[in-house]
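A.B. asks: Got these off TrEMBL a minute ago, pasting:
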ACT_SITE  B:96  active site, schiff-base intermediate with D-ribose 5-phosphate
BINDING   B:39, B:229, B:250, B:251  D-ribose 5-phosphate binding site
BINDING   B:168, B:180  D-glyceraldehyde 3-phosphate binding site
COMPBIAS  B:1-18  compositional bias 'Gly residues'
REGION    B:1-20  region 'Disordered'
């Protein structure tokens, strides 16, 4: 909150918002409220000159399909996004968080290899963890050590089931490794519960099922217990090459003997920030300010390196 | 099909959790912005729509073009179809309830539908009252022709709006009229002095508080999509350039020669609506669009003027066409007749 005003007004940061689909205008409003210039990003050339990027909420499947060309792909947005998020501050909210995940489970009956992901954050995300729209909710969430909680708006939201434990262990000063910033206790929806159960069974057998899983939703029947064996849980290797180090996967445990589990809803790793909820739908700009500070620090660091 | 995750079950152990708030209900519509919502009648079509990049599907037994052609009472879809489609796709699933039919809406909410369209395309169940949408956790989308109708629906609890257009015609003229009308009226309200807003609210037949909010902000308080007559990528981009937030495509896709290609093209057109080169690319070689209806004025079916409590027979009967009995236009009048 400090550095930007000290720097003076002449050099405003330019933060892009991926505008393939979703709530990109809301992010622009928030970012402008904390003193940034913003730009809508639809093509790889739009990424030039940006100090940071926000992947907004929306439908991750649709974004993936539009971004990867949707069949008539002349301009592959995806590789450009991967290249950008590898070196510059990038923040994913909700659907954007799914895009930044290395691994994603949840029903995706359409795309053979599941959701198209940009990747970068070594975590396992469960799409639509909380269920359909009637179960979307608002809940106060933790914002660092601030006694004032942040109004979390969860809309058909994903949840982070686990982050790379080995990576997390190295996170001490915040310079590297995954930091877990906030958690919520919540019951998974029926579909998510099935996926979790399946994952647990695989883990019990000692399998490393941390690659992208595809569950054909049509294989599901009414009874949750009777059809677990029918689930076609394909194992597909991620498109990223750094899967040689197999991370250990620990699923969140059941809390208080209920079906509820404690899942992660905000993480940070180096230049990447992910939130499962929607700060852009509130008039509380603390998360936007936090991200802009990340962008500011990164821009400063880059300037020093150039000198 | 009741999941383990009923209303309010989230956030166990944490205080302050609330479902069905207007922020959550309007928020989903905000997430759909810049996207295409497609009418589908089967699991196969739903999968085609999802694979094409639709942000949501509308599960219907008959698409509007068929309702126009075949007539008869059009009702809510069978929940079996809705559940089948809901299980087949990961994107949100919407369904239509008849205007005023709050029990159909209750059933759809029990199906855990993601959005309910209180739709003029279905036969009206109540010609005076719309559904009290504030009572539901499921959000509602409603059609509007003008700002008064838009704000009446918001007052009743709608979380999302769309133009009415004239569904099933493949003719964009009504959607354009409704979009431009709403925007012109917003500009007018924004330019009025504060002391004239009270009468403006009276004339628009909607709550003053909403009129004032629109006048202050210069925009609608909820997301507004285009609907009713979108048949080509160019139609979709036209509506986006006119300032709408996204597009519903009903009959335009599955009444065309090549639904897959057309669906993908419309999705790309909505994202890149300001880029004529992309629009040229995606418009190329799609095959024939739906045939459609060019003479909306003369067509016996009029979806757009169906609104609870707004229909008046003013005695002006236009010349009769080859029909059995009066048309709805003849009975109720039309937005064209004024």
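Positions of Cβ are set from backbone N, Cα and C atoms, glycine also.
Caution: TrEMBL annotation is automatic and unverified by curators.
For each feature listed, report its degree of burial, its nearest neighbours and the pertinent distances within the displayed model.
C.D. replies: Here residue B:96 (active site, schiff-base intermediate with D-ribose 5-phosphate) comes close to B:58, B:60, B:76, B:77, B:116, B:117, B:118, B:119, B:121, B:122: these same-chain residues lie at least six apart in sequence, with C-beta atoms under 8 angstroms from its C-beta.
If you draw a 10 Å sphere around the CB of residue B:251 (D-ribose 5-phosphate binding site), it holds 26 other CB atoms from the protein chains shown. Taken residue by residue with DSSP, residue B:251 (D-ribose 5-phosphate binding site) is part of a helix.
The Cβ of residue B:168 (D-glyceraldehyde 3-phosphate binding site) lies under 8 Å from the Cβ of B:63, B:64, B:65, B:66, B:67, B:68, B:69, B:121, B:250, B:251, B:293, B:301, B:303, each of which sits 6+ residues away along the same chain.
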A.B. asks: Whose Cβ lies within 8 Å of the mean position of the Cβ atoms of B:39, B:229, B:250, B:251, the D-ribose 5-phosphate site, other than those residues?
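C.D. replies: Near the D-ribose 5-phosphate site, the remaining chain residues are B:63, B:64, B:65, B:167, B:168, B:170, B:227, B:228, B:230, B:231, B:248, B:249, B:252, B:253, B:255.
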A.B. asks: Pop the Cα-Cα gap between residue B:180 (D-glyceraldehyde 3-phosphate binding site) and residue B:229 (D-ribose 5-phosphate binding site) into the table, whole Å please.
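C.D. replies: With distance taken Cα to Cα, residue B:180 (D-glyceraldehyde 3-phosphate binding site) is 15 Å from residue B:229 (D-ribose 5-phosphate binding site).
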A.B. asks: If you count CB neighbours within 10 Å, which one among the binding-site residues B:180, B:229, B:250 has the smallest count?
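C.D. replies: Across B:180, B:229, B:250, these binding-site residues, the one with fewest Cβ atoms within 10 Å is B:180.
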A.B. asks: Which of the binding-site residues B:39, B:180, B:250, B:251 have a Cβ less than 8 Å from any Cβ in chain A?
C.D. replies: none
A.B. asks: Measure between the Cα atoms of every pair in B:39, B:229, B:250, B:251, the residues the record assigns to D-ribose 5-phosphate, and report the largest value in Å, rounded to a whole number.
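C.D. replies: Of all Cα pairs among the recorded D-ribose 5-phosphate binders, the widest measures 12 Å.
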A.B. asks: Roughly how many angstrom lie between the C-alpha atoms of residue B:39 (D-ribose 5-phosphate binding site) and residue B:180 (D-glyceraldehyde 3-phosphate binding site)?
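C.D. replies: Rounded to a whole number, the Cα-Cα distance is 24 Å.
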A.B. asks: Based on DSSP, name the secondary structure state of residue B:168 (D-glyceraldehyde 3-phosphate binding site): helix, strand or coil.
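C.D. replies: In the DSSP reduction, residue B:168 (D-glyceraldehyde 3-phosphate binding site) maps to coil.
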A.B. asks: Could you check what DSSP calls residue B:180 (D-glyceraldehyde 3-phosphate binding site) once collapsed to helix, strand or coil?
C.D. replies: helix
